[in-house]
Amino acid sequence: MKKVIKKIALAYSGGLDTSIMIPWLKEHYEHAEVIAVICDLGQQEDLDAIKNKALKSGASKAYVVDVKNEFAIQYLWPLVKSGALYEDQYILGTISRPLIAQKLVEIALTEEVNAVAHGATGKGNDQVRFEYSIKALAPQLEIIAPWRTWDIKSRQEAIVYAKAHGIEVPVTPKAPYSRDHNIWYISHEGGVLEDPSQEMPDDVLLMTAPVSQTPDEEEVVVLDFKKGVPVALNGQELSPVDLLNSLNQKAGQHGIGVADIVENRLVGMKIRGIYEAPAAAVLYKAHKLLESLCLTRSTLHLKQSLQQTYANLVYEGRWFSQTKQALDAFIDVTQQHVTGCVKLKLFKGNIIPAGMHSPYSLHHPELATFEEDNVYNQKDAEGFINLFSLSAKIYSQVHQGGNYD
């Protein structure tokens, strides 16, 4: 017997798609009650207006959940500690999806709903990220993905459906780009950006100044870290949200943190995206510099070898996985002594190191100096070299003439 769905929690953004999903869900699930869940991730939108729109569209309730601080502490700071970049470029702003799914599930369980729904399309990665997280957190909940089942195939059809159901559709030109925004980044896709042979127009950028319009004087910023986590900017301890907002403003005006990428989507296609993440770029640079000072060679190299694995699991939405828990445990150990201060200069899109120090620095000038010293006996190197190169020497002797094929 088919399960009767009487109440549905919907991850709601306020856009056209999720707005028409409210009446569509009520029609296709025997007038089920729909509860809208809106997450405040720092996207700088009028969330009260979005809540009212959800209610006007037919939702019985609409929750607005401020998750900015939780987003920074439980998601972004672990990402900074990991140093992970998807395909060595993408700053992973869609790390927000598991958090949205988590809040959707929490409210779903509180409201005792039968099912949850999301507005991700059948072509993108987000459907995987949302549904993986939901299944990991609450496998008993049914998941509804209208884009994979309904008959609406275009924006024009969606507008017609909205008007037929009394949903207000603003009379404005269609945005030239599809955007996603949170406190960590802004992404831009679609329009002219779909052609990788075309240069990115300056009008794409919202958070970052084009390099041609940046100040002609550098700006110095100083970041303090404690166990791999940023805790202060320019000597002032700030909340995670305030630190990100301030650093986004400072780095953004210097044209820092723009990535023009053709990425491999999880679902198989390649897509071009423009990503703005000024604060993220600076934090990653500062953290990487501090790690170079505080981690041993073998620890640093092992951590670097795992960064793509971590990036992949974040990109794929596998936040609530055993693999991620295991990697976090390793990373947390590596970060125990990543504490210190990093000075950087921001100038014309560049992040320039300007000094760093740490009470746990493994750099000792008396060992590294090129001047005369009484600490390092250079004769000791001979025995090490003999042992280190022994296998190469034996191979050459056996195969005569050093033929390495």
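Quick reminder: no glycine exception, Cβ is built from N, Cα and C everywhere.
Annotation source Swiss-Prot lists ATP binding site at Ala11, Tyr12, Ser13, Gly14, Gly15, Leu16, Asp17, Thr18, Ser19, Gly119, citing sequence analysis. On its own chain, Ala11 (ATP binding site) has Thr18, Val37, Cys39, Ile100, Ala101, Leu104, Val116, Ala117, His118, Gly119, Phe130 as residues at least 6 apart in sequence with a Cβ closer than 8 Å to its own Cβ.
Residues or ranges marked as L-citrulline binding site by Swiss-Prot on the basis of sequence analysis: Tyr90, Asn125, Arg129, Ser178, Ser187, Glu263, Tyr275. Under the three-state DSSP scheme, Glu263 (L-citrulline binding site) falls in the strand class. Taking Cβ-Cβ distances under 8 Å and a sequence separation of 6 or more, the neighbours of Glu263 (L-citrulline binding site) in its chain are Tyr86, Glu87, Gln89, Tyr90, Lys270, Ile271, Arg272, Gly273.
Within 10 Å of the C-beta atom of Thr121 (L-aspartate binding site) sit 14 other C-beta atoms, taking all shown protein chains into account. DSSP assigns Thr121 (L-aspartate binding site) to coil in the three-state reduction, outside any helix or strand. Per Swiss-Prot, the feature L-aspartate binding site maps to Thr121, Asn125, Asp126; the stated evidence is sequence analysis.
By the criterion of other Cβ atoms within 10 Å of the residue's own Cβ, the least surrounded of the binding-site residues Ser19, Ser178, Ser187 is Ser178. Comparing C-alpha positions, Tyr275 (L-citrulline binding site) sits nearest to Asp126 among the binding-site residues Gly15, Asp17, Thr121, Asp126.
Taking all protein chains in view, 13 other C-beta atoms sit within 10 angstroms of the C-beta of Gly15 (ATP binding site). Note: the Cα of Ser178 (L-citrulline binding site) and the Cα of Gly15 (ATP binding site) are spaced 11 Å from each other. In the structure shown, the C-beta of Asp126 has more C-beta neighbours within 10 angstroms than that of any other entry among the binding-site residues Asp17, Asp126. Nearest by CA distance to Asp17 (ATP binding site), out of the binding-site residues Thr121, Asn125, Asp126, Arg129, Ser187, is Thr121.
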